[in-house]
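For 15-33, 45-68, 80-96, 138-171, 191-211, 223-242, 248-269, 276-294, the entry in TrEMBL reads transmembrane segment.
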């Protein structure tokens, strides 16, 4: 086997490992978060615990020798990652406000249309070609499938356009800027990205936890144990998410996030909610089929990248 073929197989294996790890952790964390919020109704604290706990876990693993290379805290790197923290908190806030006015089914339509915008941003800001005709059809297929599922829900509502629009802008900015960071900020290892992003994002969330102090102080040991489990899952997901971001385009990563949403909805329907209609479930399967046929656009002025799907 030629060295180029070996390198190609190694690259494909790395992409598969990152994507599979991210999707597995994301789907598992959904179940963990739902259980954690049920046992401890303090979502801001749970999110902060996952971010701060990831920072502590990474540092302990480094001191214990489990992580050989670790980036030290340096101002130039912190300055580059500071917008990551701001965008993260802004995304959470706008997401909460959007769901205050529009239910989850309505919000899905906004979410599943983001790859269309991000693919154009990939072209304008990140040096990639525009998608092929097949990929455009795949992106529109994702949106049609999500809309079909949402419209089967009797509680579908359309309100709060301002907050949904604000979330849409911030979310697309998040996808593009974080990809930009992976390409331009030199880090010793992927764990460095995990450390910086979680550390900086955890700082402003500390203040959001103050409103939940009474609930936190009355938490049972079982609830705290479950939260601890979500911290480990969150650390793993953060690692795989940054790895995947560094290996695939911003559009492809956005699609991965949407597919995780489909898987999460499927788990939710199977375990907890039984209101989904056969047509709604068919729409979710249609989303998975549409995503399968997407092929990320190659970088301009460089050899075409390895295909990530058939």
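Positions of Cβ are set from backbone N, Cα and C atoms, glycine also.
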Which sequence positions outside the transmembrane segment (45-68), separated from its termini by at least 6 residues, show Cβ-Cβ distances below 8 Å to it? 33, 36-37, 92, 189, 191, 194-195, 198-199, 201-202, 205-206, 208-209, 212, 215-216, 227-228, 230-232, 234-235, 238
Would you kindly check 15-33, 80-96, 191-211, 223-242, 276-294 and say which stretch has the most C-beta pairs under 8 angstroms to the transmembrane segment (248-269)? 15-33
Determine which recorded stretch among 191-211, 223-242, 276-294 has the most C-beta pairs below 8 angstroms with the transmembrane segment (80-96). 191-211
Using a Cβ cut-off under 8 Å, which residues of the same chain at least 6 positions beyond either end of the transmembrane segment (223-242) come close to it? 18, 21-22, 25-26, 28-29, 32-33, 35-36, 39-40, 46, 49-51, 53-54, 57-58, 182, 190-191, 193-194, 197-198
